[in-house]
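> Here it is, the structure, as structure tokens.
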Amino acid sequence: MLRTHLSGELRKENAGQSVTLTGWVARRRDHGGVIFIDLRDRSGIAQVVFRNEDVAERAHALRSEFVLQVTGVVEKRPEGSENPNLASGDVEVSVTDFTVLNESAPLPFQIEDASSAGEVGEETRLKYRYLDLRRPVQANALRLRSAANKAARTVLDSHDFTEIETPTLTRSTPEGARDFLVPARLKPGTFYALPQSPQLFKQLLQVAGMERYYQIARCYRDEDFRADRQPEFTQLDVEMSFVDQEDVIALAEEILTEVWKLIGYEISTPIPRITYADAMRLYGSDKPDLRFDIQITECTDFFADTTFRVFKNEYVGAVVMKGGASQPRRQLDAWQEWAKQRGAKGLAYILVGEDGELGGPVAKNITDAEREGIAAHVGAEPGDCIFFAAGDTRSSRALLGAARDEIARKLDLIRDGEWSFVWVVDAPMFESAADATASGDVALGNSKWTAVHHAFTSPKPEFLDTFDENPGEALAYAYDIVCNGNEIGGGSIRIHQRDVQERVFKVMGISEEEARDKFGFLLDAFAFGAPPHGGIAFGWDRIVSLLGGFDSIRDVIAFPKSGGGVDPLTDAPAPITPLQRKESGIDAKPKAAENKPEEK
């Protein structure tokens, strides 16, 4: 080894010892011919001092991020010069000799200057990600991720799970997003697909009798740009045989409990549950943030006989902003712009004066009886503001759910370090294909119905015989775990019977021929004694970003893509050469296709 000790591990007990350290020059300070350098390695920082005239003279040439090997004697710092912010702050190393292992070019941004961290653009940080990761905060994010991996593995290993790798080159199967395709050179005109999840393989492993599988899996989805999404991401993927929903939830809670212990937080279990229907009714979201107590009040029946045209709609709902009546007009106008940015025409409101009198444009257009009763109906008090949404139920609730979150931010209702977990259960099995497409998802099949979770989710037992007769009424045997308004995991009990799977495909408009072509291997496997099974997948990037207090999952990924799916470091994606294109067979037709007559 090129060193005897790590910089961040030196203590008073090491005083008098001769040590050799290696690392990077984090800071350099000259004081009357004596040079002080903060030497950084993976463990932290040690102050090394160049007092000897010969070494001090040579040290004048050292610059930020030079790589050094220094040898010297550990000494206690003079009284009053200790640094309580450093683990090694009681000591320093008096250098007797050093070697420059490598020099550094001028830096594109300062690594150690915490005050300028927010001034460096993300594109620059990602382009020089290897420098960005020298910052302790960024490096510690990856270490936290490693610790989370270890904690999860420890839990799963204790329950006799087997870690199994599944293919990353597979066939294209419809799973809810577009596939990344890889040309197969040895079979021109055909393509592999990178997996959107290990879903089908982990189910096949249950058919194989493995019973308890897990994997920290890389997944790939060619989605349109969405904030804080990555085209490649990581799941902690878990599947179990001979289980029901309660078994999977209990295991998931054990994993989450151990992972959150890494930051000193004890999750209270069992984690509360809410039905999907109640989540949408009360919070306007299937991933509600329950750190604050603001609920949506339904007002459709209250305004059933209204003369106000805006409220003559399928749905009317409201949320209350405590103290919101004191907002200036410009802030109320800003709320309208906020709503329009979300596709709404605006956000109607009533101001409840300190004397109880109602103000605002809505108050002038509703009946006397409605004016007298609306504050009590929604739970508003003098000084509050009532925001309304009216229209179709789905979009109106979504707008009120977003308003609820915005109110919490404006009123500073969310405390640092506060955690709220909830299971969302009993989601619909199917949704309108038009709604799925409108929300940015890919609707599978050629029916007006598509799966809410995926096509392999079992209906709840009470809907097993009727889900294809009344798809809109069927509930899925599924469960999502939500933390602070973020969906951090989702799972379900799977279909394990071939006839049930074929019925689901039929509801979704997937023909027998397409089902055989895309999923024949799964249907065949179900014919050979597939056990009942279920599982869950955790969004590992999101979980680690929450643990570390990061705003973006990019901070917890070693080499992330930018928001547009571009890697500024390698400049990927990039064009390929004509020779690569020819050899890959991208433009070739599959032999089977060449033998078929062209469609007219």
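One is the number of the first residue shown, and numbering goes on along the chain from there.
Cβ coordinates come from backbone N, Cα and C, glycine included.
So Swiss-Prot says this about it:
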type	residues	note
SITE	HIS31	site 'Important for tRNA non-discrimination'
SITE	GLY80	site 'Important for tRNA non-discrimination'
BINDING	GLU175, ARG221, HIS453, ARG494	L-aspartate binding site
REGION	199-202	region 'Aspartate'
BINDING	ARG221, ASP222, GLU223, GLN230, GLU487, GLY539, TRP540, ASP541, ARG542	ATP binding site
REGION	564-600	region 'Disordered'
COMPBIAS	580-600	compositional bias 'Basic and acidic residues'
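Set these features in their place in the structure for me.
Taking a C-beta cut-off of under 8 Å and a sequence gap of six or more, HIS31 (site 'Important for tRNA non-discrimination') has no contacts in its own chain.
Its own atom aside, the Cβ of GLY80 (site 'Important for tRNA non-discrimination') has 5 Cβ atoms within 10 angstroms in the protein chains shown.
Sequence-distant neighbours of ARG221 (L-aspartate binding site) (same chain, 6+ residues apart, CB-CB distance under 8 A): ALA177, ARG178, PHE180, GLN196, PRO231, PHE233.
If you take every residue in the region 'Aspartate' (199-202) and average the pLDDT, you get 97.
According to its DSSP assignment, TRP540 (ATP binding site) is helical. When Cβ atoms from all protein chains are considered, those within 10 Å of TRP540 (ATP binding site) total 26, not counting its own.
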> Near the Cβ of HIS453 (L-aspartate binding site), how many other Cβ atoms are there if near means within 10 Å?
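20, counting other Cβ atoms within 10 Å of HIS453 (L-aspartate binding site).
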> Return the count of C-beta atoms lying within 10 angstroms of the C-beta of GLU487 (ATP binding site), excluding that atom itself.
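Its Cβ shell of radius 10 Å holds 15 other Cβ atoms.
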> Rank the binding-site residues GLU223, ARG494 by how many other Cβ atoms lie within 10 Å of each Cβ and give me the one with the fewest.
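Fewest other Cβ atoms within 10 Å, among the binding-site residues GLU223, ARG494, is found for GLU223.
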> Using C-alpha atoms only, work out the spacing between ARG494 (L-aspartate binding site) and GLU487 (ATP binding site) and round it to an integer in Å.
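Cα of ARG494 (L-aspartate binding site) to Cα of GLU487 (ATP binding site) measures 20 Å after rounding.
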> Measure between the Cα atoms of every pair in ARG221, ASP222, GLU223, GLN230, GLU487, GLY539, TRP540, ASP541, ARG542, the residues the record assigns to ATP, and report the largest value in Å, rounded to a whole number.
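Of all Cα pairs among the recorded ATP binders, the widest measures 20 Å.
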> Note down the number of other Cβ atoms within 10 Å of the Cβ of ARG542 (ATP binding site), including every protein chain shown.
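Result for ARG542 (ATP binding site): 20 neighbouring Cβ atoms inside 10 Å.
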> Hey, how far is GLU487 (ATP binding site) from HIS453 (L-aspartate binding site), Cα to Cα, in Å?
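Distance between the two Cα atoms comes out at 13 Å.
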